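First up is the structure itself, then whatever we jot down about it.
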Amino acid sequence: MNMTATIQLKGKDFLTLADYSKEEIEYLLHLAVELKEKQQNGERYTPLSGKTLAMIFEKPSTRTRVSFEVGMVQLGGHALHLSSRDLQIGRGETIADTARVLSEYVDAIMIRTFEHEKVEELAHYATIPVINGLTDDDHPCQALADLLTIYEVKGKLQGLKLAYIGDGNNMAHALMLAAAKVGMHCAVASPKGYEPKEAVVKEAKQIANESGATIVVTNDPYEAIADADVVYTDVWASMGQEAEANERMHVFAPFQVNEALVQQAKQDFMFLHCLPAHRGEEVTEGVIDGVRSYIFQQAGNRLHAQKALLVSLL
């Protein structure tokens, strides 16, 4: 499908999938498939020659840094890594000034930080595209790669059921919004008190009403996973929650994705995890290393989904 003529994303920010239409998301996914094929065929494609992406990391990352940096290089551009040591954003210099200064030097900014408001403020003052590489509230780049992986394996998105089992964190938020946008049913199972934010659930349900999807939040993992096409989990204690790790281990134990739980999913279910994984905690080795697991294809798709983003926005 060639939708290049109809969809124009140049100069747009990528802060959350809620800001993108179903058609725009599908366009990015089809472009990612094309770019992945070019890469696999050894075809050089360098539309971003002479372009620079500034990557701001207030939270360290393996996949986000490597995939964005490699993606920019493969597209003919350059990526600049800025840690919180290099850039005292919002402390020494205001976010507004940082945004304006970087806009004079580079062609886009990718930021991975804690507060979602920081990304929104950066985007407000920057005159170049800003990409959300992760916040405490959202992880749209990962969700885009997840949609790509599901599409590759299942051949469609509309009407599938995704079950997310675990902490109602940024990943749960991103997946609910992503599923709602593309017409995929999403059931989230979290322990009491660890559910996704009510405002995000409400927003996802409103989007789902338009796309024909359903969004369900429950405290019962068996209810959520029933007849699921896609089973997804994440770590029980995210970065910054180390102090709560022991308590969370106890609370989340019944939410482990194990052989007994996945028997309730469809026989041809696919297992996804945004990684890093704690084997034996949120998921058993049998499931994560089993034949239904697509976690490395999923991790690889961060590169291709983000390349589609970069080509479209820059």
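Every residue gets a Cβ built from N, Cα and C, even glycine.
Sequence annotations record features per position, and here Swiss-Prot assigns carbamoyl phosphate binding site to Ser61, Thr62, Arg63, Thr64, Gln88, Arg112, His139, Pro140, Cys141, Gln142, Cys274, Leu275, Arg302. DSSP assigns His139 (carbamoyl phosphate binding site) to coil in the three-state reduction, placing it in neither a helix nor a strand. Sequence-distant contacts of His139 (carbamoyl phosphate binding site), defined by Cβ-Cβ distance under 8 angstroms and a gap of at least six in the same chain, are Asn132, Asn170, Met171, His173, Ala174, Cys274.
Swiss-Prot lists Asn170, Asp234, Ser238, Met239 with the feature L-ornithine binding site. Reduced to three states, the DSSP call for Ser238 (L-ornithine binding site) is coil.
On a Cα basis, Ser238 (L-ornithine binding site) lies 15 Å away from Arg63 (carbamoyl phosphate binding site).
Taking Cβ-Cβ distances under 8 Å and a sequence separation of 6 or more, the neighbours of Ser238 (L-ornithine binding site) in its chain are Asp167, Asn169, Asn170.
When other Cβ atoms within 10 Å of the Cβ of Cys274 (carbamoyl phosphate binding site) are tallied across all protein chains shown, the result is 24.
Here the Cβ of Asn170 (L-ornithine binding site) has 25 other Cβ atoms within 10 Å, regardless of which shown protein chain they belong to. In the shown protein chains, 25 other C-beta atoms lie within 10 A of the C-beta of Arg302 (carbamoyl phosphate binding site). A gap of 16 Å separates the Cα atoms of Arg302 (carbamoyl phosphate binding site) and Asp234 (L-ornithine binding site). Taking only the Cα positions, the spacing between Asp234 (L-ornithine binding site) and Cys141 (carbamoyl phosphate binding site) is 15 angstrom.
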